[in-house]
């Protein structure tokens, strides 16, 4: 029926347009009366007609209605439009000149065009009515079904279980209770226990929060409703609250089930915004969600799961016991977790024997589950591009570089001066990093441009770090300043290439003083506080000054002192190892990329493969040291 109505409306509109086009072509305008044949005199005017009639040069004319006169002059036809009020005078002139007068009726349009002005609006209105009725009915409705929930029921297709989720053993243990409740609720009710009504998954983007929710539904074997927080709010008032009610009505019909709300912060931000009042529609939606989760109406058998990476902006009423009373932190995986995740993503991929998953996991600190999936996919794409049958370790190495720093711009032309500048800059980073005790060791350095950088240094930490000591922070700042120091010492000039290094070093130094309490002069203080004043759509967390101008000046002095101290350390290391710098730069300009093994050989003065290396040492170079000075 819907298709029939849709087709009827379409054909009615098509017929109306056809009539409109036809009327355009049969228009009875004066211009269609005037002949445009090649034998017709083009610039024949009404005045010419009168003059030639008076001179007796025209013997016969034909008057077409009261709008035009045609005839023959000098063996050529003319066709002249005339104003209706001039017809009587023209007739008198023609009779006086004894011109033979003929008449023809004015051409008229077909009979049906006269009715067009009445029929066309009616046809268009009927077509519009059919179109609106079709849009109001069925699954494609957007008029009368605004209040319907947009949640998608995911109960068919590939089943996801906890076996598909690597790492997160503690998280899966927490969620296993939810699975047990959905499978066997009587076991809990006999003990008087209540399973949490809501489970909030908190963690950075890409850590697998949605995958965990799907795994819970897959393990329990229950319907799984998924909806985004932004799907609740529309431009019409009351739509969001109506959709929340409809969502829970669907859940009750399919209980036991799981309702998963992704990006909860889109609808669950704290109420009572600042300037101009709150977002009324979003707050009504949130209020309805609070009522449905723990109100007068029981929702037995429905477990609400949600995911967010901004738990700090959520309304406290959402997080209280009885609603989202259990928060499960889904953090970035460690080395073991990255190994497990990568193995899962390599299940259906042909992998060469030289691929070491443990090495890849160690080389990717800070990568999330989504990052590891992207890494495996990029490696597979590179293998296909290189026409290989299996994915090799080389493909993974290049994929890691591409994911971290972007694709190499091998076609970009750099002058010899720029290549030399980048080589000294990256060598400064690498050598300082390898000679400091608490700095991360260099995995690779390159002068091939990537992204917006002219060169790169890849550092490989020995292990995942949850905390950093003061000495580790100082060494990290020293490594960041090593590039600028190398430019200054060996090129006797500095460039804009160190801009990002200086920005990161300054940020770290200021954090040491204002956040970590590592300033000797100011002591163990946190300077600046986070306040919870609300702005539109939630809370804005910003750092406010809670100290005097004198303390602010001391902070600037302390930050400057840390930067100066670390810069002097970097200069000292490079000045004591000038020959090593020159060897590394020479090989870097030749090879463009050096790995950790090659770099260590150059630092020790050993040749690379069969290449001979000038092992001469600068007279000012001291023996290699570990630079443990504080």
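Residue numbering: from 1, along the chain as shown.
Cβ from N, Cα, C; glycine included.
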(request) Pick the one from 353, 354, 501 that Swiss-Prot also lists for the Zn(2+) site with 425, 429. (result) 501
(request) From the ranges 571-600, 601-630, grab the one Swiss-Prot calls region 'Disordered'. (result) 601-630
(message) Are there any residues at least 6 positions away along the chain from residue 206 (ATP binding site) with a Cβ closer than 8 Å to its Cβ? List them or say none.
(response) 368, 369, 370, 371
(message) What whole-number Å value do you get for the CA-CA distance of residue 425 (Zn(2+) binding site) and residue 204 (ATP binding site)?
(response) 33
(request) Could you check the recorded positions 426, 501 and say which one's CB has the fewest neighbouring CB atoms inside 10 Å? (result) 501
(request) Starting from each candidate's C-beta and looking 10 angstroms out, tell me which of the binding-site residues 209, 425 has the most other C-beta atoms. (result) 425
(request) Would you kindly give the Cα-Cα distance separating residue 429 (Zn(2+) binding site) and residue 204 (ATP binding site), rounded to the nearest Å? (result) 30
(message) I need the CA-to-CA distance for residue 207 (ATP binding site) versus residue 501 (Zn(2+) binding site), whole Å please.
(response) 28
